[in-house]
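The feature domain 'Alpha-D-phosphohexomutase alpha/beta/alpha' is assigned by TrEMBL to 56-98, 111-166. Annotated Mg(2+) binding site per TrEMBL: Ser64, Asp276, Asp278, Asp280, in sequence order. The active site, phosphoserine intermediate annotation in TrEMBL covers Ser64. Taken from TrEMBL, the feature domain 'Phosphoacetylglucosamine mutase AMG1' covers 178-283, 297-435. Here TrEMBL flags Glu370, Ala371, Asn372, Arg497, Pro498, Ser499, Gly500, Thr501, Arg506 as substrate binding site. The coiled coil annotation in TrEMBL covers 388-415. According to TrEMBL, the domain 'Alpha-D-phosphohexomutase C-terminal' annotation covers 453-516.
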Amino acid sequence: MDSEALKKYSALHPKPAGLTLQYGTAGFRTKAEQLDHVMFRMGLLAVLRSKAVVSTIGIMVTASHNPEEDNGVKLIDPLGEMLHPSWEEYATQLANAEEHELQQTITEICQKAAVNQQKDASVFIGRDTRPSSEKLSQSVIDGIFVLGGQYHDYGLVTTPQLHYVVCCQNTQGQYGKATLEGYYEKLSKAFTELIKQSSSSGKSQKHLKIDCANGIGALKLSEMEPYLPKEVLIQLYNDGTKEKLNHLCGADFVKVHQKPPRGLDMKPNERCCSFDGDADRIVYYYQDATGLFHLIDGDKIATLISIFLKELLVKVGQSLKMAVVQTAYANGSSTRYLEETLKVPVHCVKTGVKHLHHKAQEFDVGVYFEANGHGTVLFSKAAETKIRHLAKEEKDNEKREAAKVLENMIDLINQTVGDAVSDMLVIEAILALKGLTLQQWDAVYTDLPNRLLKIQVADRRVIDTTDAERRAVTPPGLQEKIDALVKKYKLSRAFVRPSGTEDVVRIYAEADTQVRA
């Protein structure tokens, strides 16, 4: 480590006095002007992580669904997964170290994580369309340079695309080609194969209006369009040419406000969906003939995918274990439908994508979606090998065809992370193959009425939870009071949990009517 170069470059990216940040599920995220030193130091950390695991590491500059003036950064591990929890601590230490402690902190991380400084390091960088992202990704490059790492800057990409290329690179191309063309080709080829088998049920079925949150999704969908079959008629709205990123639009806005985004004119029963700013979340929605708005969120997406995969797994006739992973926020009706009607096991984990992803890895087929529309499907290596073998070798026609559909689903799904583009194509393929309208999909089960509130508190740590955050352990007496209230109403459930990022407590309740909720 060249301590003179470190000093010199660190001085160009000074840490604001008194600022402390915590690396969480979303990495670091705050006002863009406070992030320069963090970006430089995450460049340093990515090099150390790359040397420690002898693989390419990804760095994505984005604040996802946050307002345009914010920004953030997250590191991507070798197989496209989120940064290992032990390294989240190192990220926090490094970001908060004072200038004069920087070299000492790096040395400590190298000792604790057994980093061999002689190894080569390789980092892939991507960024979203925020005005601050280009300058901030330059700060990342400075950090990589100081510690002698190699880098490849992909420039403007969706978050899931960077996860994808990192995984491709580290699997020596087994997962796909580590280029955007490779991503477009793999997904569109699988999608085209799937919809070949669908009966063309009228044009209205294939029309889809997409709200791109004035973010990167619009740019990348435009690039991808030439790869897609002619039958796909997508219209992009909020494409970033006029309005601000995530302002009154995007998946998060639609989910929270239960209304259409600004800039998208909805006609009755038209198919619409919204991405978030970095295109890793998606929700669908429509307006019925009476003008009522219907949201189809992550729970309903998970259910649709589960119905489809379960039918195929039954046809293939293999004993592959499938499960759905949810958080406490999943609507009770979805859990009941999956367990009682579909007979698919459901597991509940703590809030946060990393918990869902981790649990989903325990099954042959693990489906996970947060209600906010972030999710994907994971296939175990064994399940994938078996399915690909059956698609080629199976003598029984029906079984072989079902295996082929599953094989194309494996290729269409971005298994590294929730991906709005991939998830949209998966949903479109399933609706086409099953000949379903949005209204029929929506009617699979009816959401229980619910309320989600947040209360500002002095210290969120006074509340501690257990049972995947569904029960409060402290303060004493709180859970008993909740239980007593829940007993009074039908189909009711409620919980409180501290936010992972701010001093607020989140309160969720559902019951058989909105008034009771």
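Cβ from N, Cα, C; glycine included.
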**OP:** Report, in whole Å, the straight Cα-to-Cα distance of Asn372 (substrate binding site) from Asp278 (Mg(2+) binding site).
**Re:** 14
Original post:
Taking residues 6+ outside the domain 'Alpha-D-phosphohexomutase alpha/beta/alpha' (56-98), which of them lie with a CB under 8 Å of any CB in it?
Top reply: 15, 20-32, 35, 37-39, 41-46, 48-50, 104-106, 108-109, 112-113, 121-128, 130-133, 136-137, 140, 159, 162-167, 169-171, 175, 213, 244-247, 250-252, 276-278, 280-281, 353-354, 357, 415-417
Original post:
Within the chain of Asp276 (Mg(2+) binding site), which residues six or more apart in sequence place their C-beta under 8 angstroms from its C-beta?
Top reply: Ser64, His65, Ala213, Gly215, Asn246, Gly250, Ala251, Asp252, Ile282, Gly373, Ala420
Original post:
Using DSSP, how many residues of the domain 'Alpha-D-phosphohexomutase C-terminal' (453-516) fall into helix, strand and coil, respectively?
Top reply: 13 helix, 24 strand, 27 coil
Original post:
What count of other C-beta atoms do you get within 10 angstroms of the C-beta of Arg506 (substrate binding site), across all chains shown?
Top reply: 20
Original post:
Counting other Cβ atoms within 10 Å of each Cβ, which of the binding-site residues Pro498, Gly500 scores lowest?
Top reply: Gly500
Original post:
Judged by the number of other CB atoms within 10 angstroms, which among Ser64, Asn372 is the least packed of the binding-site residues?
Top reply: Asn372
Original post:
When the number of other CB atoms within 10 A of each residue's CB is tallied over all shown chains, which of the binding-site residues Asp280, Glu370 has the maximum?
Top reply: Asp280
Subject >> Shell of the Mg(2+) site beyond Ser64, Asp276, Asp278, Asp280, same chain only (C-beta within 8 angstroms of their C-beta centre) >> reply: Thr62, His65, Asp128, Thr158, Thr159, Gly215, Phe275, Gly277, Ala279, Arg281, His374, Ala420
Subject >> Tally of residues which DSSP labels helix, strand or coil - the domain 'Phosphoacetylglucosamine mutase AMG1' (178-283) >> reply: 40 helix, 16 strand, 50 coil
Original post:
Hey, what's the Cβ neighbour count for Asp278 (Mg(2+) binding site) at 10 Å?
Top reply: 34
**OP:** Could you measure between Glu370 (substrate binding site) and Asp280 (Mg(2+) binding site) for me? Cα positions, answer in whole angstrom.
**Re:** 12
Original post:
Can you tell me how far the Cα of Gly500 (substrate binding site) sits from the Cα of Asp280 (Mg(2+) binding site), in Å?
Top reply: 20
